[in-house]
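Participant: One structure follows; several queries about it will come next.
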Amino acid sequence: MNNSPLKSITIVGGGSTGWMTALYLSKLYNHSSNIIDIRLIESKEIGIIGVGEATVHSLRFFFAAMGLDENELLRETNATLKTGILFRNWMKPVDGKMHEYFHPFEQQKPSGKIDNASAWILNNQINESNSTPFAEATSLSFSLMQNNLSPKTQYLNQYQGIVPYGYHLDATLMAAFLKRKATQAGVEHVEANVTDVLVNDGNITEVVTDQGSFKSDIFIDCTGFKGLLIQSLKNDNWQSFETELPCNKAVAMQREYLPHQLPRAYTTATALSHGWAWEIDLTNRQGTGYVYDGNSLTREQAEAELKAYLGDEQEIIRTVHLDMKIGCRREFWVGNCIAMGLAGGFIEPLESTGLHLINLGARLLATHLTSSNPSQAIRTSYNTAMNGLYTDLRQFIVLHYCLTDRDDNEFWQKAAQSSAFIPALEQKMTLWKDKVCEYVDLANGYSSVFTDENYRYVLYGMQHIPEIHIPCPKTEISRILDNLKTQQFRAKEQSLSHQEFLAKIKKN
Ligand code: FAD
């Protein structure tokens, strides 16, 4: 086996995936003693998908590891901060009011003899008539969200928050920002259309473009849903998740703000008739869209439903219709080609995980891409890990649907049954009727980012609450919940309003 050092990498595709990967690999490999040629080829005519505007909290660590100035990143991408997602209408209305629950990013460490969730459940049993929703009782982010406060104080350093936070950012501006950083870091940028992919003995030898041909040790496929490179190496390499997650189309709409309307520091995901609508606030405009089941609604119906939901007060800047492929590769790494981002797989963006999976895929390259001709064992290890991450995420997204009590049409009736496609989830949901969800219940999986805490916010937000009988003294239960209230109060006292924070970074 040829175990010689890696000399060259060619990335095809210049969307978020291509440029995040290029920047990451150039920072990883290229320092004075170790230079690898990294080239990125992108087609100007084809362009990028240009959606994908909310992130999970772990993206901060990617940007920080790349040495990026957080304030510059936020300014250049018209970004705002995100403390979580407000889910609306995922269950039947309660007392005539739309059902809502909040899913923050934070992990609240237990402060007493029992964990916070058990304390909350036992307290509800004692005070039947006055039960505060789980996030409201336990999450600091909830109190920030309610008051449109940011997770930042006057004194925190970059990438630090009182609670974990993600971003809302303009996807097109982010790709441009990362392009600048990556080319400054030495990545060669080629604008060309790939017209052919030459393969020999299970490896790509060169990509042919209208500007010439390019050889390389390793090729990274970042060409979006089509997976141009990986497709040329292996057919029958796609596993679809569309039976359990049927939303395979989206209509995205950008809107102007109304005068005096302020950007919210959280994403909203409102369930509609055949899917759900996102609302993501940037500093200069709002991104909205409807992710829907394309087998049940036409484009026109989806666009009309989204417009009816949004109302006509705010001017629409742009409308785009998108087809989505829900699922992932069986093998992300075939021969000398690795498929990343949409080329590798995609699960509907309900928890804003697209960029996060690119981050994880790139980080796994750091440990796996160790020579010019990696062994089959390396490829298998990478493929197993990536498959685990997608399987884990698929389970978490299905959880949001299968807990619904909505039965107003076939889409929601089927959604309520969707856990049947994931027996491991069904087993856990049975278990979670009798005990709180905790780390050990999920410990065998490849947690993409969502832990027992995240599961709890969805489970208890959607009323899947266990019946438990723990003989814990009332005083201990009150102490735990009072302690959380004090922490919520302190968080509110310390934090800057979202508006104050955005004004502050504009000036710097
Ligand atoms: P693309 O942006 O499609 O880029 C493909 C690149 O390949 C382009 O540069 C193109 O020019 C190039 N290319 C293609 N063919 C050729 C060729 N023949 N020759 C040369 N170059 C070529 N993610 C999140 O993290 N948060 C979200 O909130 C979120 N929301 C989403 C909402 C929707 C509706 C969708 C569909 C996705 C969302 N995502 C989200 C996912 C996110 O958009 C993607 O993960 C991200 O944009 C990365 O896309 P990409 O770079 O893989 O593909």
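Note that Cβ sites are derived from N, Cα and C of the backbone, with glycine treated the same way.
What TrEMBL lists as active site is Lys82. Here TrEMBL flags Lys82 as 7-chloro-L-tryptophan binding site. The FAD binding site feature in TrEMBL is assigned to Val194, Leu342. Per TrEMBL, L-tryptophan binding site is recorded for Glu351.
Please situate the listed features within the shown structure.
Facilitator: Sequence-distant neighbours of Lys82 (active site) (same chain, six or more apart, CB under 8 Å from its CB) are Ala54, Thr55, Tyr165, Gly166, Tyr167, His168, Ala265, Tyr266, Thr267, Ser352, listed in sequence order. Reduced to three states, the DSSP call for Lys82 (active site) is strand.
On its own chain, Val194 (FAD binding site) has Val12, Ile41, Ser43, Val207, Val208, Thr209, Thr223, Leu228, Leu229 as residues at least 6 apart in sequence with a Cβ closer than 8 Å to its own Cβ.
The DSSP secondary structure for Glu351 (L-tryptophan binding site) is helix. In sequence order, Val56, Ile85, His103, Leu393, Phe396, Ile397, His400, Phe450 are the residues of the chain that are 6 or more apart from Glu351 (L-tryptophan binding site) and have a CB within less than 8 Å of its CB.
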Participant: Do any of the recorded positions Lys82, Val194, Leu342, Glu351 touch ligand 1, in the sense that the CB is under 6 Å from one of its atoms?
Facilitator: Val194, Leu342
Participant: Cβ distance under 8 Å to Leu342 (FAD binding site), same chain, sequence separation 6 or more: which residues?
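Facilitator: In sequence order, the residues whose Cβ lies under 8 Å from that of Leu342 (FAD binding site) (at least 6 apart) are Gly15, Thr17, Ile49, Gly224, Phe225, Lys325, Gly354.
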